[in-house]
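Only one structure is covered here, and it is reproduced in the block below.
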């Protein structure tokens, strides 16, 4: 979001020119007074932000919360890799020189990160555990976990680029709420449609910030120039990112849910006084309303829709409603199958037989079989081999 410019209509009238070329003393005095008057009015006709000084909605903030969010995400990822302990639990690791912090094999996790079993243990979004295990906290915890270094890097760079700018404009409370609630909304939609996979990542929350940026332009329409260009740019950015979400392995439902939640929440949290109120607030004779009727309507409708979405979504989720049964085409929003990839999101499941030091395994999804020389393999190691076999 760039710095805002304002369309300040001149509050002084056009001066009349003398009908002849004769200069009189009165004309000189009048001209001097007129120039002084114009100078004063130019000062009063300064930018919208300058006239908004002293109004809490236009306070300039120091951005500290978003960097803290980034640090927290990085710390959680380091802890996750410590718990993962690939050399001990799996054995087949990438970047083994990192020791305990080495990554799972790229055949298992191409994002350079932990195993799915570790992500589930650390609080990844597992619908079965949320609904049947009363672990609703996973709807929040999954937003602080990431599938790998690549996943973490993309999300955190985007969060810094967008979030810090927004926090400077709107403050840590509003942007913090926008981020957290958007992530929660993304988790709800993801849980309703992705029933069998583990979902992690801050993408839903980041998309919520993009949604808030867009709705903020609409609700504060009177204070912006180049509105159409800004809107088109934002829409293109969102469309490209949502388009990439139809690739396999990406939870686009979290993106869509986060964006929609952030879009509605932006109308509620990021509202600012309209242009007319700022212009007239110092005039004792004028008593304009701080927000115009359009802003009031958008604020009210958005709040009602937001509450309705959370109530309906949570009730459906905890009643174990499968969104795919009520929307036969919605799965295409998250993955479009092609000749190059499959959209089968069923988790890897294998049958195993242990005879002495030989482990025989068969993937139930594709029928592939494999034999491994392993004595007393851990659950993590078996899960890792199953994931690789089912790819």
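Sequential numbering from 1, following the chain as shown.
Backbone N, Cα and C atoms are what each Cβ position is placed from, and that goes for glycine too.
For the domain 'Peptidase S54 rhomboid' (135-270), the number of residues in each DSSP class (helix H, G, I; strand E, B; coil) is 107 helix, 1 strand, 28 coil. Positions annotated as domain 'Peptidase S54 rhomboid' by TrEMBL: 135-270.
Summarising the annotation, TrEMBL assigns region 'Disordered' to 1-49.
The annotation transmembrane segment is assigned in TrEMBL to 61-82 (among others).
Only residues 6 or more beyond the boundaries of the transmembrane segment (144-163), in the same chain, are considered here, and those with a CB under 8 A from a CB of the stretch are 1, 63, 66-67, 69-70, 72-74, 76-77, 80, 103, 109-114, 119, 122-124, 175, 179, 200-203, 205-206, 209-210, 213. The transmembrane segment annotation in TrEMBL covers 144-163 (among others).
What TrEMBL records for 175-194 (among others) is transmembrane segment.
Here TrEMBL flags 200-221 (among others) as transmembrane segment. Under 8 Å from some Cβ of the transmembrane segment (200-221) lie the Cβ atoms of residues 1, 73, 119, 124-125, 142-147, 151, 155-156, 158-159, 162-163, 166, 175, 178-183, 185-187, 190, 227, 230-231, 234-235, 237-238, 241, 251, 254-267, 269-272, 274, 294-295, 298-299, 302, all in the same chain and six or more residues away from its ends.
For the transmembrane segment (228-247), the residues of the chain that approach it from at least six positions outside its boundaries are 2, 207, 210-211, 213-214, 217, 255-256, 259, 332-336, 341, judged by C-beta separation under 8 angstroms. The transmembrane segment annotation in TrEMBL covers 228-247 (among others).
Residues annotated as transmembrane segment in TrEMBL: 253-275 (among others).
Counting only same-chain residues 6+ beyond the ends of the transmembrane segment (296-318), those with a CB under 8 A from a CB of the stretch are 127, 130-131, 136, 185, 188-189, 191-192, 215, 218-219, 260-261, 264-265, 267-268, 271. The transmembrane segment annotation in TrEMBL covers 296-318 (among others).
When pLDDT is averaged over the domain 'Peptidase S54 rhomboid' (135-270), the result is 92.
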